[in-house]
Every structure is written in C-alpha cells, then in structure tokens.
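> TrEMBL lists these features:
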- His97, Asp99, His156: Fe cation binding site (BINDING)
- 77-188: domain 'Fe2OG dioxygenase' (DOMAIN)
Amino acid sequence: MCQKWGVDHGGFYQPSGAKVPLHMMCFGRNWDPVTRYDNPYRSDGSEPPPIPDDLFLFAQSVVKDASSRAEDLPLMCPDVCVVNFYSKSGLLGLGLHQDCDESSDSLERGLPVVTIAIGDSVEFLFRHIDENKLHEILLESGDVLVFGGEDRHIFHVIERVIPSSCPTQLGNATRLASGHLNLSLRQF
C-alpha cells in the first residue's frame, strides 16, 4: 500500500520548515510537525488520499480486540494515518513527544493511537506522564502497538533503527529500503 501510494504525487516528502530528518505522508487528514492539523494541504500543495479500507478496518479490529482486554480503552474510528519512514539512527524524528494535536474530545476521551511497525526493527522508548523512567520495547516488523485510555498521553520516541533487521522475505518481496516504516492511525 505505502509502496503504491508513497511514490506518486502526495507520496513521501520532507515537510518544509520542519527540523526532522524523516520522510512522511498522510492518509485521511493532513498532519505535519509545523502546522499540525491546521492546513488541509501539505507544504507541496497536495491533499492526502483517503485511508485505504483494509487499513481502516484493520485498525478498528485491533482496537476492538485491545479494548476487550483493557476496560479503559475506548473504540475509535480512524480518520488520520501518519506514515513516517525512518532511514537511520541518530536524530530520527520528533524526539520524546506526546501525540496531542488531535481534537480536545479525542484527547479527553483517550481515543487510542494504533501504531504499525514495518521493515527494520526499532527501539521504542516511552514514559508515563507522571514518571521520569523511560521504558524500552523492541518493535519488530509486523508488531502493532495500541496506546489509549489512561496511556493516551505517554511520551514516546523511536530511539534507534536496528539495521538489517527487516525480515528477508519482506525486504525481497517489497524492495523496502533499509529503514523503518511506521503507520500511526488515530481519530482527530
């Protein structure tokens, strides 16, 4: 999907004015590190394509399954998918941050963020809002991470891409460049 959409007009780009060395694109609504959700068009003038149906349904299914295990996790209807491609280690992107640009209703209700990892594995660091200790998890290709409810406001960062860790079959079948593709779905 991202291979198809990522190379056409409206595909991957580096946001102008952003001081982040990553390539990104959006489905649904536009988001970028500078204007947040304020501009429906990207810095190159293109409008994001709609979220593909399969991806939309997958995110809803994942949240439904997760909410059956976590009572405080509400269901959501994703209307934004931010896709980031991290190609190397070092300063990868947004630094330790919260996903807090969505509507006040979405944030107050703790509507979840669904993150899908594809390609090389990454070290994902996070901490809860009321603590200083960073926790680390390894996100491997195919992993899905859901944070919402009380955990919607965690601080998090992709700290490091682990080179050459992409599953061989995936790399061969998709010709995915070395790096990590992160799809992050949420409801504005």
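Glycine too: its Cβ is placed from the backbone N, Cα and C atoms.
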> What's the number of neighbouring CB atoms sitting within 10 A of the CB on His156 (Fe cation binding site)?
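The answer is 22 other Cβ atoms.
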> When DSSP states are folded down to helix, strand and coil, where does Asp99 (Fe cation binding site) land?
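Going by the DSSP assignment, Asp99 (Fe cation binding site) belongs to neither helix nor strand, so it counts as coil.
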> I'd like the per-state residue tally for the domain 'Fe2OG dioxygenase' (77-188) from DSSP, helix first, then strand, then coil.
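Its residues divide into 18 helix, 44 strand, 50 coil.
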> Any same-chain residues 6+ apart from Asp99 (Fe cation binding site) with CB under 8 Å of its CB? Would you list them in sequence order, or say none?
Val113, Arg152, His156, Ser184, Arg186
> Count the Cβ atoms, other than its own, that fall within 10 Å of the Cβ of His97 (Fe cation binding site), considering every protein chain shown.
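So the Cβ neighbour count for His97 (Fe cation binding site) comes to 13.
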